[in-house]
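The structure appears right after this line, and notes come after that.
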Ligand SMILES: C[S@@+](CC[C@H](N)C(=O)[O-])C[C@H]1O[C@@H](n2cnc3c(N)ncnc32)[C@H](O)[C@@H]1O
Ligand SMILES: [Zn+2]
């Protein structure tokens, strides 16, 4: 039986035409079901779990394994993001293509893309890229049907015009790279937090200080400068979260960093409604207009 690593390598080999070397931009191919190698001999090994680390040098991030485990449980079990996933699935359906290449840029541990691809009809290829190794390692273990790279948004290991859809969910963006890898008729779907997002948690943490609100005006206008905006959808509702979901929430959120253990005991002591307030921006490459 093939090991996880070899299965991934075989799958990547089928799609190697979409991948480019992050060092020189050259063509890549899979050698001995063990590494991705470019025409200038830059080589990147498959890990035991099946992902490839495409960073030129190691990066340490504040996102660790515990945070990603809490994100996964929260995304899969709380129902908090179900409506957002539904809206994104509909947007992708409207593209009406059977066989799409989807990139999740800043994928974390991959559960958003997994849920979204599971909802879209047809057979689609998913690439997930994140700079945090702990997230990608978990993604490769849990979702072996997609291709997972540790990599930098600012230097995507994908060829020009290779993607039909770019997902960019609650993560930083790099619009020149997104413009380069998106197909002329592809779409970028960016999910950004709005002022009410997790308001109850922010109030519990910061009371009335300025930190209590997200301000996303800059994020939205930068998106508009780079893409022709086809659609903007707001997902805003209060979702009842049980104690397990609340515990996941406080451990998955950068908001709760730098707070003492115990400070949020009250917040998670009984079920409560928490606000989701997201804007989904759908953009098409401005060059194609
Ligand atoms: C708030 S998390 C969101 C992760 C995931 N989309 C989710 O919603 O669970 C932001 C993610 O962006 C990633 N990130 C930050 N800078 C990045 C970069 N330059 N390249 C790739 N990923 C990056 C982080 O590692 C982190 O996983
Ligand atoms: Zn190279």
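FYI, residue positions are counted from 1 along the chain as it appears here.
Placed from the backbone N, Cα and C atoms, the Cβ positions cover glycine too.
Listed as Cβ neighbours of the domain '23S rRNA (guanine(745)-N(1))-methyltransferase N-terminal' (20-55) (distance under 8 Å, sequence separation of 6 or more from its ends, same chain) are residues 3-10, 12-13, 131, 133, 136-137, 139-141, 144, 148-152, 155-159. Taken from TrEMBL, the feature domain '23S rRNA (guanine(745)-N(1))-methyltransferase N-terminal' covers 20-55.
The Cβ neighbour count for residue 24 (Zn(2+) binding site), using a 10 Å radius and every protein chain shown, is 12. The annotation Zn(2+) binding site is assigned in TrEMBL to 21, 24, 38, 42.
DSSP assigns residue 110 (S-adenosyl-L-methionine binding site) to coil in the three-state reduction, placing it in neither a helix nor a strand. Shown in sequence order, 104, 128, 135, 136, 138, 139, 142, 143, 146, 148 are the residues of the chain, 6+ apart in sequence, with a C-beta less than 8 angstroms from the C-beta of residue 110 (S-adenosyl-L-methionine binding site). As annotated by TrEMBL, S-adenosyl-L-methionine binding site applies to 81, 109, 110, 197.
Marked as domain 'Methyltransferase' by TrEMBL: 102-186.
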Sort out the sequence-distant neighbours of residue 109 (S-adenosyl-L-methionine binding site) for me: same chain, 6+ apart, CB within less than 8 Å of its CB, listed by position.
68, 69, 71, 72, 135, 136, 138, 139, 142
With helix taken as DSSP H, G or I, strand as E or B and everything else coil, how many residues of the domain '23S rRNA (guanine(745)-N(1))-methyltransferase N-terminal' (20-55) land in each class?
0 helix, 16 strand, 20 coil
Report the residues of the chain - excluding 21, 24, 38, 42 - with C-beta within 8 Å of the mean position of the site's C-beta atoms, for the recorded Zn(2+) site, in sequence order.
20, 22, 23, 25, 26, 28, 39, 40, 41
